[in-house]
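What follows is a short report on a single structure.
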Amino acid sequence: MESEQLFHRGYYRNSYNSITSASSDEELLDGAGVIMDFQTSEDDNLLDGDASVGTHYTMTNGGSINSSTHLLDLLDEPIPGVGTYDDFHTIDWVREKCKDRERHRRINSKKKESAWEMTKSLYDAWSGWLVVTLTGLASGALAGLIDIAADWMTDLKEGICLSALWYNHEQCCWGSNETTFEERDKCPQWKTWAELIIGQAEGPGSYIMNYIMYIFWALSFAFLAVSLVKVFAPYACGSGIPEIKTILSGFIIRGYLGKWTLMIKTITLVLAVASGLSLGKEGPLVHVACCCGNIFSYLFPKYSTNEAKKREVLSAASAAGVSVAFGAPIGGVLFSLEEVSYYFPLKTLWRSFFAALVAAFVLRSINPFGNSRLVLFYVEYHTPWYLFELFPFILLGVFGGLWGAFFIRANIAWCRRRKSTKFGKYPVLEVIIVAAITAVIAFPNPYTRLNTSELIKELFTDCGPLESSSLCDYRNDMNASKIVDDIPDRPAGIGVYSAIWQLCLALIFKIIMTVFTFGIKVPSGLFIPSMAIGAIAGRIVGIAVEQLAYYHHDWFIFKEWCGVGADCITPGLYAMVGAAACLGGVTRMTVSLVVIVFELTGGLEYIVPLMAAVMTSKWVGDAFGREGIYEAHIRLNGYPFLDAKEEFTHTTLAADVMRPRRSDPPLAVLTQDNMTVDDIENMINETSYNGFPVIMSKESQRLVGFALRRDLTIAIESARKKQEGIVSSSRVCFAQHTPSLPAESPRPLKLRSILDMSPFTVTDHTPMEIVVDIFRKLGLRQCLVTHNGIVLGIITKKNILEHLEQLKQHVEPLAPPWYHNKKRYPPSYGPDGKPRPRFNNVQLNPIAEEREEMEEEVHLLNSTTL
């Protein structure tokens with residue numbers, strides 16, 4: 001089973017000693033290529049045992065305990081490892097925030113003691129700004145390096161610059177005096193492969209040789225990229241945004257943001273883009289920036305020892321990644337807020353803004369495109385948009401929503417098939433096949449042969465007097481005597497109609513190949529391919545509307561504002577709107593997408609058409625499914641992610657979801673002073689659960705706290721090494737005072753300081769709507785279910801995800817009227833003491849059996865017969 005293959009190397013800790021073994025970066029599995037099955041997730045299988053139990057969950061790392069005994073408290077000094085997390089586990093946000101507050105109080109209390117302590121306090125206060133500054137600098141530098149290298153290697157497929165091998169095609173011809181305006185891309189210094197190999201610049205032989213060399217270089221780049229990913233860093237494949245969303249929600253994936261992943265992803269991203277595959281570098285740049293943020297956070301104790309604080313740095317890093325990917329600092333901050341961040345306090349907003357600013361400044365200083373802009377396709381339009389044009393803009397939004405819904409379903413179906421068949425076991429072969437098909441089909445069409453960013457630039461560009469593209473091959477007015485910016489609408493020439501046919505073929509090609517390319521084992525972004533598809537469709541629509549206005553300018557829709565000889569329609573604007581609509585349909589972004597696009601193109605005047613198209617694409621896409629592509633891949637890979645955008649509309653209660661169930665083993669518990677070290681070690685060895693509730697005794701069943709499996713293991717091992725007299729028969733005490741023991745008894749072990757004294761609890765009648773909201777907003781790992789103060793069970797993050805998934809598979813009935821218009825929830829029990837029937841409720845088990853089971857448990861607990 002794939003999930004077992006995943007967990008046996010670090011996700012399950014079934015043995016007592018295996019808790020201390022740590023997986024290296026090289027040992028980690030490729031998360032994008034394996035399914036993390038909820039049914040076997042240790043992170044949420046927290047409890048089992050033999051009684052109905054109280055679980056409590058609070059943990060403090062260290063701290064002195066007042067005691068009348070003279071025993072050495074094990075945790076007077078913090079134990080290394082206590083409070084940390086294993087791989088593929090979820091962090092405890094509440095505990096991490098408590099740790100940070102305690103650290104901050106400790107620093108503030110000491111800062112007046114000496115100048116050194118004051119310096120340490122200032123360093124701690126400024127460490128957040130320092131780490132985001134370093135992240136912005138590194139992100140901007142790496143983005144500039146990737147842009148320059150990708151442009152050079154893309155042009156390498158067509159030829160080479162003899163005067164300077166490190167120049168791309170455009171740079172090679174900059175200094176040439178023999179370049180003409182019509183053939184500005186031809187110069188003696190640039191040689192195609194046909195000229196170098198067979199000495200022919202034109203003719204069938206030259207075309208065939210260039211075709212062969214194009215395919216050769218595309219396959220070479222793709223093979224090298226997938227080989228490096230497979231051998232050195234399996235986590236470097238894909239976009240990275242689904243995993244980053246999961247990590248920012250609190251999940252631990254060791255090595256995903258490590259130095260090897262950063263290095264290999266930077267190299268292979270250049271190779272993947274240069275290979276001509278239908279992918280982009282913008283999504284992976286977010287992953288690269290987050291790798292930088294993660295690495296730099298280890299330089300500052302404030303972030304290296306606190307997983308929640310580290311995620312604030314990663315949120316800022318994701319903003320810096322989008323800033324350098326699109327040249328959109330403000331859009332990057334909004335992207336981090338809207339799309340990827342799980343916890344986004346106000347100070348993180350400021351630091352994200354600063355990181356995006358620094359990254360954009362560095363990229364602008366490098367100037368990788370040579371146009372003094374942050375992006376390749378910065379455009380300026382000279383014609384305003386008119387109210388009638390909202391109709392074709394909305395149609396482009398409908399197209400974007402339909403494309404997004406189709407792409408998500410098709411790509412997820414293909415990725416699921418890849419995981420469930422032998423085809424997924426040969427990632428290198430898959431990449432080679434996709435690259436070969438892409439290269440063979442792309443070369444004959446000039447619009448698919450182009451680098452995707454160059455294609456978008458050409459589609460966005462307005463047809464001015466200096467444009468020589470076939471998209472601008474209009475029949476000119478011979479009476480025009482001067483060059484002006486606002487060229488009137490003209491009839492389309494042969495070149496325009498030829499370009500439209502080529503664009504239609506390119507549209508079909510991009511749609512099909514993007515479905516099969518996104519998810520292969522090379523770095524692959526989705527932003528640019530989606531924008532290219534929308535830009536192609538938008539340009540076609542824009543030309544159609546332009547010609548309609550030219551030939552039918554006397555229609556009532558054109559008569560008032562588009563007369564003869566007027567410059568009414570801008571096809572490039574339609575391409576920009578279509579690009580935004582298609583990207584919105586795939587990702588379901590709204591505000592951040594609009595800001596990114598107008599920063600990307602400088603089209604602030606056209607923000608209303610962009611908003612209309614993006615909202616339309618989201619509404620149409622949501623009609624077919626509310627998940628964006630990133631959420632769909634998170635669910636496909638089985639990552640434990642609770643999406644805050646989803647609404648819980650069912651009427652189930654906490655008792656319907658809690659564990660244990662009737663067929664499950666009972667809840668495993670610890671008593672506060674009646675168990676020995678050997679008893680606890682046996683429980684750890686015999687179970688795979690992540691924590692245990694601590695109760696006063698089997699008779700009282702009163703809750704004392706909650707102890708994590710990892711902390712118990714580390715504390716016991718440390719006590720055996722550092723304390724004399726701790727043996728297997730030593731009594732373990734979780735109470736504040738050690739009970740009196742016979743004189744011949746071995747020394748007891750106090751573990752109160754690793755105990756969580758304030759777990760989150762809900763009653764068995766709490767609606768799951770509230771429970772899900774608590775988990776989302778507080779980032780809980782587990783929540784205890786009680787009845788009259790007696791613990792009945794536990795609800796974990798895994799249980800909620802399983803419950804949501806099973807509810808989706810049932811027909812979702814309408815909720816009763818009181819559910820939507822209630823000031824309080826109706827009582828679950830009637831005057832006769834029997835449970836009220838619950839209407840229109842999706843039950844995982846029969847309601848009568850569930851209530852009988854619960855009543856039996858409560859009766860047994862109240863009778864103290866356990």
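Even glycines carry a Cβ here, placed using N, Cα and C.
Annotations in TrEMBL come from automatic prediction, not curation.
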Transmembrane segment according to TrEMBL, located in which of 356-377, 532-553: 532-553
Intrachain neighbours beyond the transmembrane segment (428-447), with Cβ under 8 angstroms and 6 or more residues off its ends: 211, 214-215, 218-219, 221-223, 225-227, 230, 275-278, 418, 455, 499, 502-503, 505-506, 509, 513, 516-517, 520-522, 536
Stretch-averaged pLDDT - the domain 'CBS' (755-814): 82
Secondary structure composition of the domain 'CBS' (658-722) [DSSP: H/G/I, E/B, coil]: 24 helix, 17 strand, 24 coil
CB contact flag for the transmembrane segment (126-150) and the transmembrane segment (256-277), at least three pairs under 8 A: yes
For the transmembrane segment (214-236), distant same-chain residues with Cβ under 8 A (at least six beyond the ends): 25, 28-33, 153, 156-158, 243, 253, 255-256, 258, 260-261, 263-265, 267-268, 271-272, 274-277, 427-428, 431-432, 434-436, 438-440, 443, 449, 520-523
Positions on the same chain near the transmembrane segment (256-277), where near means CB under 8 A and six or more residues out: 25-26, 28, 31, 142, 145-146, 149-150, 153-154, 156-157, 214, 217-219, 221-222, 224-226, 228-229, 232-233, 235-236, 240, 243, 247, 284-285, 287-288, 290-295, 314, 434-435, 438-439, 442, 449, 451, 513, 517, 520, 522-524
Winner by Cβ pairs under 8 Å against the transmembrane segment (532-553), considering only 284-301, 386-408, 499-520, 573-598: 573-598
Candidate ranges 284-301, 499-520, 573-598 - greatest C-beta contact count to the transmembrane segment (386-408) (under 8 angstroms): 573-598
